[in-house]
Amino acid sequence: MCIPMDTIRTKMVAPGGEALGGVIGVARHMIQTEGLFSLYKGLVPSLISMAPSGAVFYGVYDILKMAYLHSPEGKRRISMMKQQGQEANALDQLELGTVRTLLYGAIAGCCAEAATYPFEVVRRQLQLQVKATKMNALATCLKIVDKGGVPALYVGLIPSLLQVLPSASISYFVYELMKIVLKVE
């Protein structure tokens, strides 16, 4: 559902995109010149990257969380939390504490973003292609590497990481907090 809007946004910010007249104008132009499925350019790399992104995101967070909870400091925190019981507020009931939950979420998000960022670069390139020079995802990836080497698959990673940092940290914080508030294990 989101891919067409992402494709339209990519076209709008590309050189010449502003001349197409906003979201509706870009969508109309793409459908008229390339067909309805042109709105789904980059779907394959997006779908392929979902599983590894989730695995890295949740895996890294879980590894960091378990390492802390098994450390002497983590064991002390859990022991103190058990003594306080339900009397503590929701923030004090966070196993990792507020700062550590936010930090570990940010680290996990950055790891997931860095691991799957080449798919994002390929997807964006697919979205910018025109019908005359259209290539599949693999050919696009090979072209990117041929022109700029493997580092070309990571162009723009830093701004993307800066966007992911707050998003991932807040996501994990809210997730952990809601488990406490809703009393979900």
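Every residue gets a Cβ built from N, Cα and C, even glycine.
Annotated features, as they stand in TrEMBL:
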- 1-67: repeat 'Solcar' (REPEAT)
- 43-61: transmembrane segment (TRANSMEM)
- 96-181: repeat 'Solcar' (REPEAT)
- 152-175: transmembrane segment (TRANSMEM)
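Taking H, G and I as helix, E and B as strand and the rest as coil, DSSP gives the repeat 'Solcar' (1-67) the counts 58 helix, 0 strand, 9 coil.
Taking H, G and I as helix, E and B as strand and the rest as coil, DSSP gives the repeat 'Solcar' (96-181) the counts 76 helix, 0 strand, 10 coil.
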